[in-house]
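Here the structure is laid out as structure tokens; the discussion comes afterwards.
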Amino acid sequence: MGGGEVSKEMGACSLAYRRGDQKLRKFVTARSTKFLLFCCIAFVLVTIVCRSSRPWVNSSIAVADRISGSRKGYTLLMNTWKRYDLLKKSVSHYASCSRLDSIHIVWSEPNPPSESLKEYLHNVLKKKTRDGHEVELRFDINKEDSLNNRFKEIKDLKTDAVFSIDDDIIFPCHTVDFAFNVWESAPDTMVGFVPRVHWPEKSNDKANYYTYSGWWSVWWSGTYSMVLSKAAFFHKKYLSLYTNSMPASIREFTTKNRNCEDIAMSFLIANATNAPAIWVKGKIYEIGSTGISSIGGHTEKRTHCVNRFVAEFGKMPLVYTSMKAVDSRNLWFW
């Protein structure tokens, strides 16, 4: 056999080998891709089956939730003003929450609640009765129209926990229950769903001056220093401190300006604890019209409040944090 023929045969063998190797690689790659896809699908199916086939997990968690910490549950403290349809919707919704003990409606209108309104709400609560326990409903009537009324001391509260909420905000009951669990782990602090932040002014001519910032600043920085009382848990003792111990000038300021009582409460709690508030992740449903936060000059007014309260307290008590409480039971990965 000549050298040319040997060379041709070797070239043909090399070409056949390369083609075979390419086919093998394609085969292995296709098999690997299919296997990986199969594993992913199997993982998802197994996870779903495991969650659905272990009802004892959720039931045991629910039992632990009911017996842990404050066995009496929490009091819903709802602020309202001439929005009766919203009030009815909110009370009807929260009456279904399993750990709710009572509802106190902060009433500051010049006329008392109508008998038809009271009858409607009481009937709603009767229909929502569970395990023989009917949620107590009370109207806390105030003669003066003041934002401070939402934090007026209630001496005969049965629960330590107070869930302060506006009448136009709805959270799923399981979300409220989770926030209550978080509060039970830190009952001296404020636990809520609506974070806000203050920032120190960097200019030299404004030493110890702070700017109030809203949600987008929190989202961008990942930092907050307060949670708003429009949707927050706190201990009932802070109602007494707000009413009896906080400087009267602050309460007068909030009454006159009709703003910032929520910031004042955040200052009060942070000053008492030297600890940050806790932000809880939760889907919020606002069923009312646009609030005062959309009115022009809102941020400037809130900034003025922050600096006024710093002067009253003699320091900035709010504490920065980046912690966020998330219910891992609702996440695939955590």
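Every residue, even glycine, has its Cβ placed from backbone N, Cα and C.
As written in Swiss-Prot, here are the features:
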{"type": "ACT_SITE", "residues": "Asp262", "note": "active site"}
{"type": "BINDING", "residues": "145-150, 166-168, Arg196, 258-262, 289-302", "note": "substrate binding site"}
{"type": "BINDING", "residues": "Asp168", "note": "Mn(2+) binding site"}
{"type": "DISULFID", "residues": "Cys260-Cys305", "note": "disulfide bond"}
{"type": "CARBOHYD", "residues": "Asn58", "note": "N-linked glycosylation site"}
{"type": "CARBOHYD", "residues": "Asn271", "note": "N-linked glycosylation site"}
{"type": "TOPO_DOM", "residues": "1-26", "note": "topological domain 'Cytoplasmic'"}
{"type": "TOPO_DOM", "residues": "50-334", "note": "topological domain 'Lumenal'"}
{"type": "TRANSMEM", "residues": "27-49", "note": "transmembrane segment"}
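Closest by Cα distance to His298 (substrate binding site), from the recorded positions Asp262, Asn271, Cys305, is Cys305. Ranking the recorded positions Asp145, Asp168, Asp262 by how many other Cβ atoms lie within 10 angstroms of each Cβ puts Asp145 at the bottom. The average pLDDT the prediction assigns to the topological domain 'Lumenal' (50-334) is 89. Within 10 Å of the Cβ of His298 (substrate binding site) there are 15 other Cβ atoms, across all protein chains.
Per Cα geometry, Cys260 is the residue among the recorded positions Asn149, Asp168, Cys260, Asp262 nearest to Cys305 (disulfide bond). Cα of Asn271 (N-linked glycosylation site) to Cα of Asn149 (substrate binding site): a span of 21 Å. Long-range Cβ neighbours of Cys260 (substrate binding site) (same chain, at least 6 residues apart, Cβ-Cβ under 8 Å): Phe253, Thr254, Lys301, Arg302, Cys305, Phe309. The Cβ of Asn149 (substrate binding site) lies under 8 Å from the Cβ of Asn79, Val106, Ser108, Asp140, Asn142, each of these being in the same chain and 6 or more residues away along the sequence. The two recorded residues, the residue listed as 'active site' and Asp145 (substrate binding site), have Cα atoms 16 Å apart. Its Cβ taken as reference, Cys305 (disulfide bond) is surrounded by 22 other Cβ atoms within 10 Å in the chains shown. Neighbours of Asn271 (N-linked glycosylation site), defined as other CB atoms within 10 A of its CB across all chains, total 17.
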